[in-house]
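To start, the structure itself, in structure tokens.
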Amino acid sequence: MEDFVRQCFNPMIVELAEKAMKEYGEDPKIETNKFAAICTHLEVCFMYSDFHFIDERGESIIVESGDPNALLKHRFEIIEGRDRTMAWTVVNSICNTTGVEKPKFLPDLYDYKGNRFIEIGVTRREVHIYYLEKANKIKSEKTHIHIFSFTGEEMATKADYTLDEESRARIKTRLFTIRQEMASRGLWDSFRQSERGEETIEERFEITGTMRRLADQSLPPNFSSLENFRAYVDGFEPNGCIEGKLSQMSKEVNARIEPFLKTTPRPLKLPDGPPCSQRSKFLLMDALKLSIEDPSHEGEGIPLYDAIKCMKTFFGWKEPNVVKPHEKGINPNYLLAWKQVLAELQDIENEEKIPKTKNMKKTSQLKWALGENMAPEKVDFEDCKDVSDLKQYDSDEPEPRSLASWIQSEFNKACELTDSSWIELDEIGEDVAPIEHIASMRRNYFTAEVSHCRATEYIMKGVYINTALLNASCAAMDDFQLIPMISKCRTKEGRRKTNLYGFIIKGRSHLRNDTDVVNFVSMEFSLTDPRLEPHKWEKYCVLEIGDMLLRTAIGQVSRPMFLYVRTNGTSKIKMKWGMEMRRCLLQSLQQIESMIEAESSVKEKDMTKEFFENKSETWPIGESPKGVEEGSIGKVCRTLLAKSVFNSLYASPQLEGFSAESRKLLLIVQALRDNLEPGTFDLGGLYEAIEECLINDPWVLLNASWFNSFLTHALR
């Protein structure tokens with residue numbers, strides 16, 4: 001790699017990179033990937049600035065060669081590549097002369113035309129992930145961020161790319177060339193995998209002072225010091241009689257171990273109450289898409305352009321009216337909000353050039369729906385600590401809800417195949433070792449089974465919505481930005497397709513902490529009549545907005561089209577996890593892999609091919625009241641994926657608690673089935689811990705009902 005860097009980059013860049021690494025005590029000969037990354041970043045910064053000038057009139061111009069005497073000023077000041085002291089001197093001088101706010105971290109460039117500092121990023125990972133790491137690190141709205149990737153993708157603050165198309169294409173081509181050159185020398189894989197996120201310095205510290213005293217005070221009885229306790233724990237032998245061990249640990253414990261027999265466990269008690277309601281951030285089986293095939297319109301790929309194009313494919317719009325009101329909401333406001341979206345989309349079309357983003361007018365209906373000015377005023381603690389009856393708000397206990405059949409239908413639907421493919425196979429380099437060949441084979445088989453699965457559509461929809469919402473929350477904090485809900489797929493014939501599910505309008509989003517909430521209103525198309533299962537749609541106001549002609553076996557039929565509108569909220573940390581929903585594919589692939597491994601170790605050879613290609617064999621999928629359900633290996637893949645996706649879509653404290661506590665009971669039952677004669681103490685306490693998580697969450701209630709089916713069949 002070191003030789004490659006010295007051949008591939010200009011000697012001046014190599015020298016600057018070496019200097020920078022030495023300044024931080026790093027050796028270019030050892031940390032060769034870092035050496036290459038620094039050179040690449042420097043080169044991109046220089047290319048960004050090259051040929052860009054400001055003429056006498058203050059206009060930005062591009063001059064590749066010409067009159068050396070022309071009165072031209074460089075458009076960009078290059079800060080990257082200077083030693084730290086000099087770089088800060090330049091930054092301070094710019095701030096003093098222009099009045100621009102001083103950044104906390106050294107930026108890479110200053111743009112005299114845009115009057116802003118620019119942070120350039122070059123990433124081997126996904127641009128949006130790297131963009132967010134940068135944004136989180138510099139935490140400044142004033143510094144403009146522009147990220148390039150080696151795959152030709154880019155991302156910039158507010159989608160403002162500063163440079164013209166051609167200059168950016170030069171940079172992308174150069175990055176692509178570097179990647180090709182590395183790949184041809186077998187260096188790319190190691191370089192790609194070596195990228196870490198933005199690093200923060202963490203201090204290591206010994207436990208001293210107050211913390212040490214607290215540690216000593218909180219030891220169990222009969223221990224004099226922390227070291228003494230540590231030595232005991234390290235030497236604790238975990239085998240032998242449980243009662244003896246417990247009494248050895250503490251005099252207060254006297255646990256009677258009860259044998260756990262087939263007749264011991266009882267079913268979990270599910271709550272009574274009204275049926276549970278839908279609480280996902282977007283519609284699942286009830287969603288309706290307006291789609292365009294082979295999109296090639298101007299601005300294709302810009303969400304707003306795509307959305308308008310999709311909206312134009314539907315001709316059955318009609319005067320909207322409320323068909324299922326929201327019990328607690330002001331329903332006319334939801335109606336007005338939809339009308340406002342239609343009107344503002346119409347306004348955009350009447351403009352000469354469609355903007356890349358659309359901020360909605362702050363009307364009274366949107367202010368109400370987005371909870372503007374509804375947060376209680378924050379008061380400094382110093383001003384109110386003397387108030388005698390200062391107390392926290394009383395919050396109501398959540399109302400218990402019973403299991404409703406719709407959540408099982410949602411799950412069944414998520415396991416089904418659609419007629420489109422939602423994921424592409426990543427380009428991964430040639431397999432080198434035999435183990436890589438097996439891994440690629442497993443991945444390809446697995447991808448073939450799940451690429452058309454509806455759960456995979458939910459993953460891509462979730463990734464898109466969360467990325468777009470987090471982006472808008474950072475880039476347009478005060479604006480009510482209109483965000484189309486879009487996904488992309490390929491048809492059976494391999495044609496590209498862009499789908500619009502509806503729109504989100506984001507509220508104010510000054511998100512300082514990970515858990516700070518941004519409110520949004522979602523408006524989603526559907527053909528589902530909400531009056532069939534009104535309990536499912538408790539949190540929604542549903543409008544009828546049009547009539548759609550559908551082709552059926554008996555010819556064309558007209559069906560009413562509905563719009564499901566609700567106020568919702570999310571946080572930075574939830575959006576971050578939402579953006580990483582692709583991990584669900586990995587989790588379910590690993591579960592399948594452990595099944596293949598078990599089979600392979602019995603047969604003492606790799607069973608991947610037989611596992612996926614033996615269509616006659618069936619596998620256990622899950623429990624139902626009818627008994628153990630079985631299905632093909634593809635069905636197993638899709639069921640595992642759907643479970644993982646629903647764990648992400650319906651993530652909640654109730655699910656965390658239920659999963660952790662019910663697992664303990666599951667292990668005891670498994671031990672009984674394996675004739676290990678398990679014993680338990682305080683089984684009642686375990687049931688209590690499980691059942692306190694069964695309150696109102698549809699996914700948790702469904703899992704509890706599956707668990708009961710499992711208990712019934714496991715203990716026959």
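Even glycines carry a Cβ here, placed using N, Cα and C.
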Query raised in the report: Can you say which of 28-43, 108-123, 124-139, 364-379 is given as motif 'Nuclear localization signal 1 (NLS1)' in Swiss-Prot?
Result: 124-139
**Report entry** Nearest of the binding-site residues (H41, D108, E119, I120) to E80 (Mn(2+) 2 binding site) - Cα to Cα
**Finding:** D108
Requested in this report: State the count of C-beta atoms found within 10 angstroms of the C-beta of I120 (Mn(2+) 1 binding site), not counting that atom itself.
Outcome: 23
Requested in this report: On the DSSP side of things, how many residues of the motif 'Nuclear localization signal 1 (NLS1)' (124-139) fall into helix, strand and coil, could you say?
Outcome: 12 helix, 0 strand, 4 coil
Report summary line: DSSP says E119 (Mn(2+) 1 binding site), in three-state terms, is strand
